[in-house]
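Right, one structure below, let's go through it.
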Amino acid sequence: MTTQYGFFIDSSRCTGCKTCELACKDFKDLGPEVSFRRIYEYAGGDWQEDNGVWHQNVFAYYLSISCNHCDDPACTKVCPSGAMHKREDGFVVVDEDVCIGCRYCHMACPYGAPQYNAEKGHMTKCDGCYSRVAEGKQPICVESCPLRALEFGPIEELRQKHGTLAAVAPLPRAHFTKPNIVIKPNANSRPTGDTTGYLANPEEV
């Protein structure tokens, strides 16, 4: 493998505006049922009474997540046709001419990255905009973020710059697939496995 690329996600900056998601959909010409990049909204808290005085501990934060181009991708392991594969540059992609649309990859991926495109009759997913990267450009989601909450580059450089945190609630633990992401947590971020909050927009992710 030449260089493993990855994403840095700054949850302290992300406002959940979905510009990255819409830019991706426009660039990839995706229908309403498919979104390669999705915004997770995690929220929780309640009101508590203390001697007649009410206090709140309500919180919410956002995570912009696409395919994490994992070191140990679950999707490639279950693909019966070999359509889902990891390139030399680390991008996990699907060969749409080989894919049979069985959806095993979608069921295996803990992030739901591979998505079935009913119009095309096969699986589709984020490819890291590898054609843009080859031209020295940034992925369209990174380029479009108005808050500069996304960053892209060789994952080791991102880890040296931003640390190694790769999971907060509601994401799964990182050891399952070894995702190539780095997360800067929001001040309200909860650890993976947290039960004090909930995914506030499940139909969108």
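Heads up, the Cβ atoms here are built off N, Cα and C, so glycines get one too.
The domain '4Fe-4S ferredoxin-type 1' feature in Swiss-Prot is assigned to 5-33; the stated evidence is sequence analysis. Marked as [4Fe-4S] cluster 1 binding site by Swiss-Prot on the basis of similarity to another entry: Cys14, Cys17, Cys20, Cys145. As annotated by Swiss-Prot, [4Fe-4S] cluster 2 binding site applies to Cys24, Cys126, Cys129, Cys141. Residues annotated as [4Fe-4S] cluster 3 binding site in Swiss-Prot, with similarity to another entry given as evidence: Cys67, Cys70, Cys75, Cys109. The annotation [4Fe-4S] cluster 4 binding site is assigned in Swiss-Prot to Cys79, Cys99, Cys102, Cys105. According to Swiss-Prot, the domain '4Fe-4S ferredoxin-type 3' annotation covers 90-119, on the basis of sequence analysis. Taken from Swiss-Prot, the feature compositional bias 'Polar residues' applies to 186-195.
On the structure: features taken from Swiss-Prot.
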| residue | record | DSSP class |
| --- | --- | --- |
| Cys20 | [4Fe-4S] cluster 1 binding site | helix |
| Cys67 | [4Fe-4S] cluster 3 binding site | coil |
| Cys75 | [4Fe-4S] cluster 3 binding site | helix |
| Cys99 | [4Fe-4S] cluster 4 binding site | coil |
| Cys109 | [4Fe-4S] cluster 3 binding site | coil |
| Cys126 | [4Fe-4S] cluster 2 binding site | coil |
| Cys145 | [4Fe-4S] cluster 1 binding site | coil |
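Considering only the binding-site residues Cys75, Cys145, the Cβ with the fewest other Cβ atoms within 10 Å is that of Cys145. Distant neighbours of the compositional bias 'Polar residues' (186-195): 11-12, 14, 42, 44, 59-62, 167-174; these residues of the same chain sit at least 6 beyond its ends, with a Cβ under 8 Å from one of its Cβ atoms. Cys141 ([4Fe-4S] cluster 2 binding site) sits 4 Å from Cys20 ([4Fe-4S] cluster 1 binding site), taking the CA atoms of both as reference points. When the Cα atoms are compared, Cys20 ([4Fe-4S] cluster 1 binding site) and Cys99 ([4Fe-4S] cluster 4 binding site) turn out to be 27 Å apart. Through the fold, the domain '4Fe-4S ferredoxin-type 3' (90-119) approaches residues 1-6, 30-31, 33-36, 38, 65-70, 73-84, 125-128, 130, 155, 171-172, 176-177, 179-180, 205 of its own chain, all at least 6 residues removed from its boundaries and within a Cβ separation under 8 Å. In this structure, Cys14 ([4Fe-4S] cluster 1 binding site) belongs to neither helix nor strand by DSSP; it is coil. For the pair Cys17 ([4Fe-4S] cluster 1 binding site) and Cys129 ([4Fe-4S] cluster 2 binding site), the C-alpha distance works out to 21 angstrom. Comparing Cα positions, Cys105 ([4Fe-4S] cluster 4 binding site) lies closest to Cys75 out of the binding-site residues Cys70, Cys75, Cys126, Cys129, Cys145. In this structure, the CA atom of Cys129 ([4Fe-4S] cluster 2 binding site) is 11 Å away from the CA atom of Cys67 ([4Fe-4S] cluster 3 binding site). Recorded residues Cys79 ([4Fe-4S] cluster 4 binding site) and Cys126 ([4Fe-4S] cluster 2 binding site) have their alpha carbons 16 Å apart, per Cα-Cα distance. Within the same chain, the residues at least 6 positions away from Cys14 ([4Fe-4S] cluster 1 binding site) whose Cβ sits under 8 Å from its Cβ are Ile39, Tyr61, Tyr62, Leu63, Ser64, Leu147, Ala149, Asn186, listed in sequence order. Surrounding the centroid of the Cβ atoms of Cys79, Cys99, Cys102, Cys105, where the record places [4Fe-4S] cluster 4, the chain contributes additional residues within 8 Å, namely Cys75, Val78, Pro80, Ser81, Ala83, Met84, Val94, Ile100, Gly101, Arg103, Tyr104, Pro114, Met123.
Comparing CA positions across the binding-site residues Cys24, Cys70, Cys75, Cys126, the one lying closest to Cys99 ([4Fe-4S] cluster 4 binding site) turns out to be Cys75. With the fewest other C-beta atoms within 10 Å around its C-beta, Cys17 stands out among the binding-site residues Cys17, Cys67, Cys70, Cys105, Cys109.
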